[in-house]
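One structure is given here, and the rest of the page talks about it.
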Amino acid sequence: MATRLLCCVVLCLLGEELIDARVTQTPRHKVTEMGQEVTMRCQPILGHNTVFWYRQTMMQGLELLAYFRNRAPLDDSGMPKDRFSAEMPDATLATLKIQPSEPRDSAVYFCASGL
């Protein structure tokens with residue numbers, strides 16, 4: 001009986017380790033000089049095929065910059081295209097670049113993923 005219980009606990013813990021249900025965004029914090037390039041990376045939840053990039057400035061609500069489904073850009077109308085670019089080269093990575101950075105780019109940038 002004790003062996004069967006131990007076996008169940010180990011399998012449950014292993015199963016929990018295999019499911020990593022979170023979006024990873026790097027860097028977590030970035031302070032840069034004006035004019036520098038900033039690259040943000042997003043690793044979506046495994047199995048999610050849609051990635052969203054949002055920005056929230058001090059005086060505004062959350063605004064959608066761009067989103068991708070199956071690596072293809074579906075809407076990037078919220079992104080200033082003169083200095084911003086976004087891409088999703090594969091199913092495990094999306095990037096948002098700002099070049100050159102300006103003081104008005106100071107904001108919190110969010111990445112989210114979905115099905």
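Using N, Cα and C of the backbone, Cβ positions are placed for all residues, glycine too.
Taken from Swiss-Prot, the feature disulfide bond covers CYS42-CYS111, and the record attributes it to sequence analysis. Annotation source Swiss-Prot lists domain 'Ig-like' at 22-115. The annotation signal peptide is assigned in Swiss-Prot to 1-21.
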Where CYS111 (disulfide bond) falls in three-state DSSP terms: strand
Intrachain C-beta neighbours of CYS42 (disulfide bond), sequence separation six or more, cut-off 8 angstroms: VAL23, THR24, GLN25, VAL51, TRP53, LEU93, ALA94, THR95, LEU96, CYS111, SER113
Around the Cβ of CYS111 (disulfide bond), the count of other Cβ atoms that are within 10 Å: 21
Structural state of CYS42 (disulfide bond), classified by DSSP into three states: strand
